[in-house]
Amino acid sequence: MSAAVGDLNGMTPMKGAQQTAAATQPPQTYGKISLQLTNCLLPEEKLSPTPSEVDGLDKEVEIDLRIIGCELIQTAGMLLKLPQVAMATAQVLFQRFYYSKSFVRHPMEIFAMGCLCLASKIEEAPRRVRDVINVFSHIKQVDSGKPIAPVVLDQIYSTLKIQVIKAERRVLKELGFCVHVKHPHKIIVIYLQMLGFEKNEEFMQCSWNYMNDSLRTNVFVRYDPETIACACVYLSAKKLKIPMLKEPPWYSLFGAKEDDLLEICYSILRLYNRPKANADKLERIVVELQTKYQEERARQRKLAGLLNSANNTPAQNSLSPSTPAVKKPIPEVSPRSKETRRSDTPSPHKHKSKSSKKHRQSSTSLSRSRSRSRDRGRKKLKSRNGSISPPHSPDYKRSHKSREKRYRSRSRSRDRRDRSRSRSYDRYKYHEKSKKHKYRDDASRKRKEIRR
């Protein structure tokens, strides 16, 4: 049996009236989405073949991977001191996710961490991603017999942390944010109280343990929690040899069927008879399938790229590509015929031709004025130097330098003149101010004399 044993003390069972009221409540609808617990149960066509079987993974290997993943979640939850409800929620989410996705394409350990982080938030007992990674690495070191060492906060750790966060989001997306889970923990206690076995702690604890072990199977995605609770009580009564009501059968009071109870019991017992799986061997099998899947994906991408390149060719003409398009001969027109044609056909827009003429005249006049100014400059240079020198000759460069010096001296003299003007203006302002003060003083003096 499982080592994870829930605490039965302090349980507050639901009364019969409350239970019937909760059962008779209609499902809440938000828009076009109906939220009810029956949505979490998978139909038979989803159970086989699974996505992992489609990718080539053997059925027995998939069952072993599911068992190992649930055991990892249970052990990590105990080390993180999570409540049993959070660990059970994480295992149910893990089972649901891998009925929509494959173990070949999504690594089991990373998504087990993501399910545990998500379940801790759902059950209001959140744990940091760093703590979850530390606990999983500790479990791996203990199982492989390696010396226990803390996780190094390097690039590998940061990459793993990002992968766990993305895995948590991926689980939410695939499950459509429908992550509510109704657990049979309290239901077992209520049923035993109704059957009169509330004081038999051994019976209650054995049923609880069977229920915890059933989390490693797929019964939580196939049956409702009331049927699972009845199956755990049925199996515990058979093991402890406790007589139960047969006519009518006691489980019919809770709406359970005998076939469903037997199927759940066989699933739990097959779990105990199963040999322990080798995690390293399973990992090698999954890695081989992953390499095959990646090679096939790369080949398909290459083929799709070739098809796209073939389809993205430019649109062809009606002629075949092998036969070149025949160009039509352009008839030659003599200049005489052009002139006659122009004269014969009057232009419909005469105002346009006038504006174009004006524009041409203005451009020609501008070019003439520029050429005249250029000629004047050359004549001045000729009068100074005696002859016009070409632009690249040393005489031209010398004259150009002298001209630059002249311009510099002029700018300096202009600056000096501006400075002197500003100084003189300041002086003028100062004298004017002093005069005003002087006049003011004289006026005040005269007023004083008049008063005297």
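Numbering starts at 1 and runs along the chain as displayed.
Cβ coordinates are placed from backbone N, Cα and C, and glycine is handled just like the others.
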Query raised in the report: In TrEMBL, which of the ranges 1-23, 162-184, 185-207 has the region 'Disordered' annotation?
Result: 1-23
Query - Overall pLDDT for the domain 'Cyclin-like' (71-173), taken as the rounded mean - result: 93
Report task. Would you mind splitting the domain 'Cyclin-like' (186-270) into helix, strand and coil residue counts from DSSP? Result -> 63 helix, 0 strand, 22 coil
Requested in this report: Taking helix as H, G and I and strand as E and B in DSSP, count the residues of the domain 'Cyclin-like' (71-173) in helix, strand and coil.
Outcome: 73 helix, 0 strand, 30 coil
